[in-house]
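If you check TrEMBL, you get these features:
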- B:1-11: compositional bias 'Basic and acidic residues' (COMPBIAS)
- B:13-23: compositional bias 'Polar residues' (COMPBIAS)
- B:158-282: domain 'Palmitoyltransferase DHHC' (DOMAIN)
- B:1-34: region 'Disordered' (REGION)
- B:60-78: transmembrane segment (TRANSMEM)
- B:90-107: transmembrane segment (TRANSMEM)
- B:204-228: transmembrane segment (TRANSMEM)
- B:248-272: transmembrane segment (TRANSMEM)
Amino acid sequence: MAETHSLQDMRQQVAVAAKVFIQRDYTNGTMCQFQTKFPSDLETKIDKQQFEETIRTLNNLYAEAEKLSSQSFIEGCLACLTAYTVFLCMETHYEKVLKKIAKYIQEQNEKVYAPRGLLLTDPIERGLRVIEITIYEDRSFSR
Amino acid sequence: MHIGESMRECEYSQISTRSSTPMETPHKKRSPKRKKWEAFPGRNKFYCDGRIMMAKQTGVFYLTLVLILVTCGLFFTFDCQYLAKELTPIIPVIGGALFLFVLGTLLRTSFSDPGVLPRATPDEAADLERQIDVANGSTGYRPPPRTKEVVINGQTVKLKYCFTCKIFRPPRASHCSLCDNCVERFDHHCPWVGNCVGRRNYRFFYMFILSLSFLTIFIFAFVITHIILSSHQKGFLSALKDSPASVLEVVVCFFSVWSIVGLSGFHTYLISSNQTTNEDIKGSWSSKRGKDNYNPYSYGNIFTNCCAALCGPLPPSLIDRRGYVEADAPQLAAPTNGITMYGATQSQQSHMVSAVKTQAAATPLLQQQTSEPVIITSSTENGTSLPARASLTLGGPCSTFPLGQPTPPTSTPSLSCQEAADVLPIHGHTLNHTYPLQEQAPHHHYLTPEEVPSPPGMLHCGSPLGHSHTVQAGFYNPASQDSLHEDSVRGLVKLSSV
């Protein structure tokens, strides 16, 4: 009974109010970049600078993953020579950067977004189509 | 009562935003755990527990395999002995290496994910619909074909909306009607390899046809050599009689050479100009279309284009085939590409609170309603803490509604969910698309429509129009909304304390 009570209390405190989707920005081709335009739904929730900083960092990280660097070239040649069996033991450069991105998003969520009642979803879970930002609503005052 | 029942199953465990060790699931699972590939919406076949992915029709692929294996087998058995003796033993060695390379690249092309784009989650689709409705001011009748224009490197490119996948296709992506998937940098669907050729397996495909050209020419040349040398010793007819297999090999190779070498040449041209077969056939970047028409994706010089296509970074698969549809723990999910490990915490936390409280168009709400049970009830029944649910990700709603994602008004009332003229208004479509839910109900507990605050009408794909009102009425059932919020509450309690 007490459990029910507390759960109901908690239930009234938070709820998903809306989800904002940051779409991809294709102006530079098929590279994975997201639009830095500040969505109107987030105006009251977060600083425009903060938001743009996050998106810009993410864009830079994705650019790094897809960059045609000499490292990726060597990796590609080595993979071809070993009939791509080398990827059984090694991670591709892209995967390494994706892990970095995941860590960055987690860190951003903890430091910046969660305190403001927002949550970033890693775009890889959305097939790199969108950055999903969930807006949580605090209803504790409505009791 | 539903809430009480779910509450008993809940685990009030410490939550963190990190992907921590999962809590044990003391409660029995009401449905067996399913991997995402088993619930994949496209028309693909999966083998080896999701590691291998092919198109539906693989008959021609087996023909390709048989042709290659038989021809090479005959070559090594009948011709190589003579050639190794008379000429040099290096010939079979090179032949063997070529053969292995051809086989390796063929299998790699056929078995890998070509770059399939996962379908949009209901939330995303709803959001897009909202934006499009705002732009069109549509009243719910069929909106005009949806395109978005974007300027890439000075060239205007039209992005088309895919009615099946509910996304705006990225540039160069195309929807394969055979596989029913949108594929990134779609080149073509190759029946010979039994798969689409797209961004992720184009280089393997190219290596395959290139090495196969060499192999075909190699075998052709050396079989002819064998016959000629042999006929010098014994006479032409006698030589043919001694190794009849050589005749078969010559015939096969002769007919293959033209097509394979031609294809290799064509793809070499495509790679050097950074075009896809799709674009070339349509003449998208042909100067015949206009004086200012040029390929915005080309890097300018042949060398860079080749490097980019063949040695560029290989993107990981965007569809997590081996993750679990209703995952318990990150370690149990064990995705081959590790994708579900990324941002696991965010995913499950964001997913469990899918109750979007808007009063906008009914459609988005309806989608939320129907998608919620998928996520929430599955999590409550597992009773695990939220961070543990690594793979309750994108795949969740997508995979559990293979054909029947409740989506905005674009697809047909038919169950096949394919692109076609849609006639019925929004609610009708949504209801129609929930039909597959019923079919899967025995397998997925969370797909039980009875837990959804919708009328029984939703279970049957009856006249969609008739049900639209009742569905709307069922919307704000507080009981269901409460149960759906449980997980969100648990997660967010911790979230807010971060």
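Heads up, the Cβ atoms here are built off N, Cα and C, so glycines get one too.
Keep in mind that what you see is a predicted model, and the values were worked out from it rather than measured.
Outside the transmembrane segment (B:60-78) by six or more residues, the chain places 54, 92, 95-96, 99, 102-103, 106, 110, 191-195, 212, 215, 219, 222-223, 243, 245-246, 248-249, 252-253, 256 with a CB less than 8 A from a CB of the stretch. Confidence across the domain 'Palmitoyltransferase DHHC' (B:158-282), taken as the mean pLDDT and rounded to a whole number, stands at 91.
The DSSP breakdown of the domain 'Palmitoyltransferase DHHC' (B:158-282) into helical (H, G, I), extended (E, B) and coil residues amounts to 75 helix, 19 strand, 31 coil.
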